[in-house]
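Look at TrEMBL and you will find 2-111, 143-284 tagged as domain 'Sodium/calcium exchanger membrane region'. The transmembrane segment annotation in TrEMBL covers 20-43, 55-78, 90-109, 142-161, 173-199, 206-233, 239-260, 267-288.
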Amino acid sequence: MIISIYALKNGMIRVVQQSLLGSILSNMLLVLGCAFFAGGLAHPNRDQVFNKASAVVNSGLLLMAVLGLMFPAVLHFTHSEAHYGKSEVSLSRFSSCIMLVAYASYLFFQLKSQRSLYSPIGEEEESTEDEEDEKEIAQGEAISWLFVLTIWISILSGYLVDAIQGASESLNMPLAFISVILLPIVGNAAEHASAIMFAMKNKLDITLGVAIGSSTQISMFVIPFCVVIGWMMGEEMDLNFQLFETATLFITVLVVAFMLQEGTSNYFKGFMLILCYLIVAASFFVHVDPKSSDNK
C-alpha cells in the first residue's frame, strides 16, 4: 500500500496496478504452493487438513474481486462505454466503494458474527502447547517496531519506485515483469518464509491466513482503497487492469479455488501451484504492456 500510494503521487498508475496484481498472484501461487509443498514433505504420510469454510469464503471474495476488475476492462475493450474514457473510471470508483463495504462486512462476519466458524482445526489440542510458549516481545515493543519499520519502508519505497524504470532499461526486462513478478517476490519474502514455517508445523489455517488472506486483503481492500485515494488525488486510477492481467487473475483464482475445495493439502498440490506460477512468470516476461490511449 505504501509503494502504491507513492507511485500514485507520481502518476504511475500501471505500476500500481501491476504490483498489486503481482502480490495477489505471488501469494496465491508461489507462497501457497511452496507452503503446501514444504508441509507435504514434512508430513509425507498423510494429507494436511485446514478449515474448509474459511477457504471457501476467501475464494468467494477473490471471485468477487475478479468480477470488479473484469467489467471495467470489458467495458473499455468492447468500446461499449456511454462516455468513452469516463464510464470505466466512474464504474471503477463505484465498484471500489462496494468492494470496501464487502470487505468491512467480511471482517465483521469473521471476527464477530461467525467467529467460531473460523477456529483453526485442532485448536483445542494445541492450546496447552501454545500456553507454554513464552512471549518473545511485548506489545508495546511490537507497536514501536511496527511504527519504525513503517517509516523506514516509506522512505525506501520512494527510491524503489524511482528506480523501476531505470532497472527495466538496464536489465533489458519488461516493466510488467519487474512490477508483477520481481517486486512482489521481494516484498512478500517475510510472508513467504512464515507461511512455509507454519505449514511445516502443520498449522495450515495460519498458512492460509498468510497467503490467501493477504490476497483477499489486497484484492478487496488495497486495490479499491487505491482507486479511492487516486480519486482524491485527481488521478484516474481505475479497475481496468487490461485484458491480459485480468484473464491471468481470473484463471489463477479458479485454479486455487479448486485446490482448496477439499480442505486438504499435500506436496503434489503445492508442486502444481509452483509450476503454475512459473508459467505466469514466463508469460509476463514475454508480455509487452500495451500503451493505453489515456497514457496510463
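Numbering starts at 1 and runs along the chain as it is shown here.
Backbone N, Cα and C define each Cβ position, glycine as well.
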>> Which residues of the chain, 6 or more past the ends of the transmembrane segment (173-199), have a CB below 8 A from one of its CBs?
In response: 3, 14-15, 18-19, 21-23, 25-27, 30-32, 34-36, 38-39, 42, 48, 160, 164-165, 167, 206-207, 210-211, 214, 245, 265, 280-281, 284-289
> Can you find at least 3 Cβ pairs under 8 Å between the transmembrane segment (267-288) and the transmembrane segment (20-43), where each pair is 6 or more residues apart in sequence?
Replying inline: yes
> Can you say which of 20-43, 55-78, 206-233 has the most Cβ pairs under 8 Å with the transmembrane segment (239-260)?
Replying inline: 55-78
>> At a C-beta cut-off of under 8 Å, are there same-chain residues at least 6 beyond the transmembrane segment (20-43) that contact it? List them, or none.
In response: 4, 62, 179-181, 183-185, 187-188, 191-192, 195-196, 198-200, 202, 204, 207-208, 210-212, 214-215, 218-219, 222-223, 226, 241, 245, 248-249, 252-253, 255-256, 265-274, 276-277, 280
>> Give the nonlocal contacts of the transmembrane segment (206-233) in its own chain as ranges (CB under 8 Å, at least six residues past its ends).
In response: 1, 4-5, 8-9, 13, 16, 20, 23-24, 27-28, 31-32, 35, 39, 50-51, 54-55, 58-59, 61-62, 64-65, 68-69, 92-93, 95-97, 99-100, 102-103, 106, 120, 188, 191, 194-196, 198-199, 239, 256, 260
